[in-house]
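> Below are the features listed in TrEMBL for this protein:
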type: DOMAIN; residues: 27-600; note: domain 'Neutral/alkaline non-lysosomal ceramidase N-terminal'
type: BINDING; residues: His118, His227, Glu528, Tyr571; note: Zn(2+) binding site
type: ACT_SITE; residues: Ser344; note: active site, nucleophile
type: DOMAIN; residues: 602-764; note: domain 'Neutral/alkaline non-lysosomal ceramidase C-terminal'
Amino acid sequence: MAILPFLFLFLFLLLLHTPPSAFASNYLIGLGSYDITGPAADVNMMGYANAQQTASGVHFRLRARAFIVAEPKGNRLVYVNLDACMASQIVTIKLIERLKARYGDLYTEQNVAISGIHTHAGPGGYLQYVVYIVTSFGFVRESFDALVDGIEQSIVLAHQNLRPGSISVNSGELLDAGVNRSPSGYLNNPASERAKYKYNVDKEMTLIKFVDDEFGPIGSFNWFATHGTSMSRTNSLISGDNKGAAARFMEDWFDNRGLSSNTQFASSNSATIDRIPRRMSSLVDEVSDESAVLLEAASSFKSTQGRNLTGNLSVSKRVRKSQTGGGRPQFVAAFCQTNCGDVSPNVLGAFCTDTGQPCDFNHSTCNGKNELCYGRGPGYPDEFESTRIIGERQFKKATELFGKAREQLKGKVDYRHEFVDFSNLEVALGSEVVKTCPAAMGFAFAAGTTDGPGAFDFRQGDDQGNAFWRLVRNFLKAPGQEQVNCQKPKPILLDTGEMKQPYDWAPAILPVQIMRVGQLVILNVPGEFTTMAGRRLRDAVRAALTSGGSKEFNSNVHIVISGLTNTYSQYVTTFEEYEVQRYEGASTLYGPHTLSAYIQEFKKLATALVRGQAVDAGPQPPDLLDKQIELLPPVVLDSAPLGRNFGDMKTDVPANSTFRRGELVSVTFYSACPRNDLMTEGTFVLVELLEKKMWVSAYDDDDFCLRFKWSRPGRLSPESYATVEWRIPEGAGAGVYRISHFGAAKGLLGSIRHFSGSSSAFVVL
């Protein structure tokens, strides 16, 4: 009988570590993640087109997260999710060149997809078309290099991690993370079509779970529609917004909860994501009786003077590592974007800032002005809290789906890709043949959205325009009558597709790509589809996959749209939504038949996929890297005040300080421009915990609770400050802490000198 407890223990552990099906390996799977944060100062942020929104610190870091799926002796594909506003054609072109140099023809534009989560709080200047780099004052090489380097390294890690494993899929409704920000446009769709759906936005999250044969779960990717606009147009801290936050929460949750268990994921809604063992103090056992001991220990550690370093030591100090013990890869969780075109995370609705009343329904204005109409997130008026809440809602749904994922993907790995010239594409609509148009943006584009209003007297729902702005437009480029007729009823504000000086203002040739892993089909689109546009595309592809008696696909096929992928071409609405000319319709570049063109091309790719046929590659997009104009000035010189060193304290914690969970600790250092060293895979700041007379990293600038804020006393001043704010999490252990800062300063002759400094110690009870 003595053997029975051991037998039960063995069976229990087997249950915990074994994925929930019979598990022969279907595929080789590999995941990787790498830092793409980029320049945290001086660079305009991409998304809101607000020239005043310039980066000045870090909310939490941005990452590229990649998965590779391969048949053991067949096809393979790569999918990369970026904590960036969108993919970029020139980034994709140069990334593919690097992959070909490294791996030959193993990874090409055919089987590689790069998608952005659509955060509006990342560095801009990395797209190659003029209209997308106006507010960043041209191309920003630092942003571009950080992206290309980081994407490449995430793929390299995924490739190195390729091992036998399986993939499961699950889906479910998430009801409270997105609302339709253009409901009047949605209502212009046919009533019979709207009646087929319960909601005016897609509420379904689709998740895939990766399980290594030896290590068990190693990651998950999911697709859900909501904009990355929880952080506002005035925010200046680099942030992955709600999807980046969800990814950080889930990865930390798994490190704490999931490493030794595969059966408890479904109960994770009550998980406290900050309660991670490495952050708990072992200095004392009973805090209530030993607070005097903590204070005495803290009093021994005064702030250090800034000191020079031989290199960037922050990489070795960062909290999270790319590999865990025993060669196990770090768990990777990605929250991908889909058809989010008209979906806002500001779920409380849009209100006028002057009256507090709801905005005008049709035009999203307040007394005729769009500038006063703002959407409110669930944490209103705190955008950081709204980001946390919407991120946490996605995180909790993902962990639920992750724990209950039972349907295993089985079948081929395959893909089809083509380049299509959308500026003059013939589209068959029954017996009629129509055409797309050269790119153009309507007047309502300049009105912005309730997530980020525009300026002047523009308004959404404008299908007329006005004489003054037409006169301004004509100084740049007056559209011809053929273009005017083609784009109707859009009144053209910027005829970007026909503007070629100093080089192309907008893309014409776009990538269209379909990927398949068993019964999962990913439609990679280079733009933002609205809710109904996405539904029509999915339905059309489903019909193409299941028609003709194909036995490979049935009603169980899972079709997801991957938005903002491989390049960026703004929005795609339905024909009916285009007629209304709200922001999304005005930003549908290629005219009223843009969606029909996509449906035509994706049906062609889907049919070729089912039949095993090749497709023409199509015309190559231009490589405009050599034509880029860079106007952002470099860092010339950093200096500290006379008698001060880089890393010295400007504002320390008060002597004998004691803080409690939920309170804010704030310190300021004399610093230098963060552009001198991006601290890639490192950190600008640390919260360190005293453990057995040694300082141990507890939190870094990739933690949601820690903010790194950089500033200059004057616009042209060579001096600068780094303010670190730590909102003490509920899961922080009681103990002695300090805050440290890492930086790099530029000298007169261009030399870079690394430095660090630390605050006085303080107590957390």
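Here the Cβ of each residue, glycine as well, is placed from N, Cα and C on the backbone.
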> Rounded to a whole number, how many Å is the Cα of Glu528 (Zn(2+) binding site) away from the Cα of Ser344 (active site, nucleophile)?
13
> Looking only at the domain 'Neutral/alkaline non-lysosomal ceramidase N-terminal' (27-600), what is the mean pLDDT?
93
> Taking the mean position of the Cβ atoms of His118, His227, Glu528, Tyr571 as the Zn(2+) site, which residues outside that list, in the same chain, have a Cβ no more than 8 Å away, listed in sequence order?
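After dropping the recorded site residues, what remains is Gln337, Cys340, Gly341, Val343, Gly527, Gly563, Leu564.
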> Sort out the sequence-distant neighbours of His118 (Zn(2+) binding site) for me: same chain, 6+ apart, CB within less than 8 Å of its CB, listed by position.
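Correct list: Gly47, Cys85, Met86, His227, Gly228, Thr229, Asp241, Lys243, Gln337, Cys340, Glu528, Gly563, Leu564.
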> List, in sequence order, the same-chain residues at least six positions removed whose CB sits under 8 Å from that of Ser344 (active site, nucleophile)?
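The answer is Gly178, Val179, Asn180, Arg181, Thr226, His227, Thr229, Gly375, Thr449, Thr450, Asp451.
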> Within the chain of Tyr571 (Zn(2+) binding site), which residues six or more apart in sequence place their C-beta under 8 angstroms from its C-beta?
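Result: Gly341, Gly527, Glu528, Phe529, Thr530, Tyr583, Glu584, Gly585, Ser587, Thr588, Leu589.
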> For Glu528 (Zn(2+) binding site), what is the tally of other C-beta atoms lying within 10 angstroms of its C-beta?
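Excluding its own Cβ, the number within 10 Å is 29.
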> If you draw a 10 Å sphere around the Cβ of His227 (Zn(2+) binding site), how many other Cβ atoms fall inside it, taking every protein chain shown into account?
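By my count, 29.
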